[in-house]
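For 16-36, 139-158, 178-201, 222-240, 297-320, 341-364, 376-394, 495-515, 535-560, 581-606, 626-649, the entry in TrEMBL reads transmembrane segment. Marked as region 'Disordered' by TrEMBL: 65-117, 402-458. Summarising the annotation, TrEMBL assigns compositional bias 'Polar residues' to 94-103, 410-424. The feature compositional bias 'Basic and acidic residues' is assigned by TrEMBL to 107-117. According to TrEMBL, the domain 'Citrate transporter-like' annotation covers 146-565.
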Amino acid sequence: MAITPLEDGSDRSIDARSIVTLIVFFVCNALVIYPLRIPFPLFLSRGCDALQDKISFEIPCERHEKIPKSPSSSSINAGVGETSTLPPAEELESSSTNRNIAQPQDPDQRNVHVREEKAVDSDTPCARRCRCKRLYFPLDLRTVPVIGVLLLLASTCIPPSVVRRGIVGSSGVKPYDIMTLFTCFAYISISLDCTGLLRYLAFLISSKSTASGGGRRLYNSFYLFFALIGLMFGNDPLILSGTPFLSYFTSHSAIEPPTAFLFSHFQVSNLVSAFLVSSNPTNLVLTSAFGISFLKYSAWLALPTIGSAIILFPTLKWIVFNKKGLIPHTIYPPHINPRDALVDPFGAVFNATVFIITVVSLVGLSAGHLLEGTEGVWTVTVPAAGLVFIRNLIDDWRKREERVTKKQQPRGTIQSRITGTGTDTGVAEKRNTADLAPQATTGAERPNGGDDTTVEARPQDPVKQKRLIPFRPLSPFTDNFPNTSVVLSRCPWPLLPFAFSFFILVEGLQHTGWIRVFGDWWGHWESVGGVAGSVWLMGVLSVIGCNIFGTNIGATILLARVLQHWGTTRTVSDRSLYGAIFSLAVGSNFGAYSFVFSASLAGLLWRSILAQKGTLITMKENIRWNIIPVVVTMIVGCLIVAGEVCVMYKS
């Protein structure tokens, strides 16, 4: 394996600038894990209130995002077997998805008709921030890494050339290429999710499973479904679409608590993301740093990923979730036609085809070493994402007359709908939200035995009836291209400054001599521990690093640089080198479901979506349900990696 040597820092000794750089790095990581908010003076908040008295901004209002305060629903570990009924007004405000209340297990009592106590205009975004709420400046993953880089530049700890290398790349790693691939695949995945394909498949599987086998058969089917989808498309569409679906399904099927289904989905989604390079930006960091082709990477990670997924299933079913009631024997699922979830059949086929062709093209071109140099992976992913983007624009433009007609129709009732997102799309047209609840009817027209939910609208809040000057600078685009706007708003844009800043911070550690120190420490350990020691320690460090180095992205960038220095300054055997690299790949993916939510961006997104649905998960609960799965799968994955390198290389 040809490893590109690091550009600088190999001969620099530790000095005061090195110590400051290391402190800034760890402070940034700590604030990513435990974010803070700095309050602004009250007069600024009052000034915003005065401005909002005259101008209407498209800003979500905090009072429409309250989490239900029902004790039985505020925690995922509510008592087994207890069903919860949320107050209807709070339920409607808790998320953009107007969920029905949990259905009783008695099938004769499942007709629920809820009267809305507060008016909610689902088409119009909230026009104001809550009055008398203090403004805060967040210190989290969106701002802290950028501030850390600026602080190092201002203190002359790093020169501007380090910033350039953190963006353009060095030693084989091209950050702009990595983030371009991730962003393009995220756009394609989100577009695929908005077509309703994954929700359609999930409802189809649930209807088939519950019809013949009950709760345990349904759990088995969901696990297999999420594993297969994750192997093909990665964890992003699974988290974005699977989490709202499971929240809806478990609530309406009276599965209380939904612990087993939610955590199994989260764990298997992150586990199988180790298979394809395109599934996780950490995988692309490793392939770029060590010149590994996409096909070779997947070949090495196939057995550890599939083997760990196979072992994880009985571990979850018979050890972790063995408590009575976590996987119920009898389930009463909502009566929904799976076809109603598929809101755009042609778009589903088109986006899935583009996604598969793009992945196959990347694997083939990478195997032929045709993606090296300036031709990086962006030459494949950008045209693919552009093709999906153009298709979305054309589809929006063709249906603009239909949207105008719908807006002119009188609004009699607000029907309960579910979507594949955890946020209110606002201007998005209603075809983006699959009307999965049966049609609402009046009391006289309602047939006996129906499972419908009717919510009657009341007059609008007087606060919203004030004449305000609308300030909608993006309205020409969002009104004409609503679905495209929704997809763009759901893309992980905050990841870009976060990831680039961490690339720069690691380049700063390299420039100030810390990577050399860490690489020498690793070399001494490998000379004593050998292959077994390399695989074991790198697996442990990668999981711990996911929790303390600013998500698995920061951990992978740092540890990959350490291995690069070690591999270019010492005589290293192929067994030890490949063992350390692929155990890092296993740990950076499996460590996403470990101890803290910020171990991965998927964990932060998963918790955020569940909170919007009224399910709060504490750090203690996260550790409790993840500790055994991550230990078991890491042992299995690292053992398979050690076996692979011993079989493939004799020295």
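From the backbone N, Cα and C atoms, a Cβ is placed for every residue, glycine too.
What TrEMBL says about a protein is an automatic prediction, not a curated fact.
Contact check: the transmembrane segment (535-560) against the transmembrane segment (178-201) gives fewer than three Cβ pairs closer than 8 Å, residues 6 or more apart, which falls short of the contact criterion. Most Cβ pairs under 8 A with the transmembrane segment (222-240) among the ranges 139-158, 178-201, 297-320, 341-364, 581-606 are made by 178-201.
Here the transmembrane segment (341-364) has long-range neighbours at 185, 188-189, 191-192, 194-197, 199-200, 202-203, 232-233, 276-278, 294-295, 298, 371, 377, 380-381, 384, 387-388, 391-392, 395, 431-434, 436, meaning same-chain residues at least 6 beyond its ends whose C-beta is under 8 angstroms from one of its own. Residues 138-141, 144-145, 147-148, 151-152, 155-158, 501, 505, 508-509, 511-514, 547-551, 554, 596, 598 of the same chain sit 6 or more residues outside the transmembrane segment (16-36) yet have a Cβ under 8 Å from a Cβ within it. Here the transmembrane segment (581-606) sits against the transmembrane segment (297-320); at least 3 CB pairs are under 8 Å, leaving out pairs fewer than 6 apart in sequence. Beyond the ends of the transmembrane segment (297-320), by six or more residues, the same chain brings 219-220, 223, 227, 231, 260, 263-264, 267-268, 271-272, 274-277, 283, 286-287, 327, 363, 578, 582, 585-586, 590, 625, 628-629, 632-633, 636-638, 640-641, 644 to within a C-beta distance below 8 angstroms of the stretch. Nonlocal intrachain contacts for the transmembrane segment (178-201), taken as residues 6+ away from its ends with a CB within less than 8 angstroms of a stretch CB, comprise 225, 229, 233-234, 236-238, 240-242, 245, 278, 281, 284-285, 288, 338-339, 341-345, 347-348, 351-352, 354-355, 358, 376-378, 381-382, 384-385, 388-389, 392, 418, 420-421, 432, 434, 483, 486-488, 490-492, 495-496, 499-500.
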